[in-house]
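Q: Taken from Swiss-Prot, the feature NADP(+) binding site covers Lys101, Arg196, Thr265, Ile287. What Swiss-Prot lists as region 'Disordered' is 220-243. Positions annotated as domain 'MaoC-like' by Swiss-Prot: 233-332.
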Amino acid sequence: MACPCGARVLVEILTGLLSLKNQSPSTPPESEGEFTRNYILGPKYIIKAIEIFSTMPNTIPPFEYAPVKTTWLKRDVLLFAHSIGCKAGDELHFLYELHPKFQVFPTYPIVLTFKHADIDIVDFLARNAARTLPPGCPVLDWSVAVDGRRRMEFLCPLPPSSEGKTWDIHTKVLGVFDKGAGKGTVMEMEHVLKQRESGQVYTRAWESVFFKGTGGWGGERGPKMNEHVPSTPPRRPDAVSSFQSNAESAHLYRLNGDYNPLHATPEPGKSLGYGGTIMHGLFSWNITARAVLSQFGGSEGRRLRDFEAMFSSPVKPGDKLDILMWDMGLCKRATSAVRNDESLQEVRFMVKVGDRVVLSNGKALLKCEDEGVEVKL
């Protein structure tokens, strides 16, 4: 598939060369040089242009969707906290709406890109199949889509309910990349949660979606998935936490709004080579955020400023997840969610099931002090 930008240039070349300055065959050119340029070299340039532009990759330009309204209730944020394993005790303020420090777990907005304003279950595959795709993008099958990478910046704590104000998710496709025949396609997107009346941005998130086996359509290869991502240090972790999932963990988590059948019944996972049902990638991502915040942030949601990780291999219901964390000390301002006068603590992490890495290249940034809470070093 030729590059759309190249096609436009090719049209301009053809138009210019074939117009021959609007001369008819009976009108002689003004000079011998002009005759050579128009009638002899012109066709050669056309052929060369066709050769060049026919081999150029299809570059998908950025594409922005219309804002999508989203809503949530206190019940939704309580359900989310329960689904990622928050416990009564040090995390009761995420689980009980009358707690004096009741707050929304900071990564909750990640599920709003699925939930929108729904109050009931929706057909995940039908909704995504109805998406408008960027010009030049091939048709993508969401039944073969899995998470590649997620990152979120936290600019303002979310209120316990959306009631009384209007909230929108602004989604932009940053690029669509062809990883090769038999491999797959990667779509990079950005999601911004904004309060409409004030214009205040609350969170900004980035995701890479990998569509298995859909490559070879002539698109740009794009960057490697592991370029410019943090790595874990070659030493023993400073903290380790474990989470034991069960057969119903995915069924509970999906009630947050992600109703992909891949995480509810064995058949889709078997057809994709996973052997059965797999957990939501964001389930592992969110329980890891909870572990990092508990270990290094005193379970204080406002401390979390930035969180990211790559999805390396699937997790199955019943797997035990071991979360390995490294304290990297203080770091400089590296995110728009942080004020210039704030100090940040950086934590690197990975997650394993046995010896297999399931989350890699993880990094969290936490505010060092918040209302007298000491940093756990």
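Backbone N, Cα and C define each Cβ position, glycine as well.
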Q: Summarise the domain 'MaoC-like' (233-332) as counts of helix, strand and coil residues per DSSP.
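A: With helix first, then strand, then coil, the domain 'MaoC-like' (233-332) has 36 helix, 26 strand, 38 coil.
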Q: For the NADP(+) binding residues given in the record (Lys101, Arg196, Thr265, Ile287), what is the largest pairwise C-alpha separation in angstrom?
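A: Farthest Cα pair among residues binding NADP(+): 38 Å.
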Q: Average pLDDT across the domain 'MaoC-like' (233-332)?
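A: Value for the domain 'MaoC-like' (233-332), mean pLDDT as a whole number: 97.
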Q: Tell me the Cβ contacts of Thr265 (NADP(+) binding site) under 8 Å, same chain only and six or more apart in sequence, or just say none.
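A: Thr265 (NADP(+) binding site) has long-range Cβ partners Thr277.
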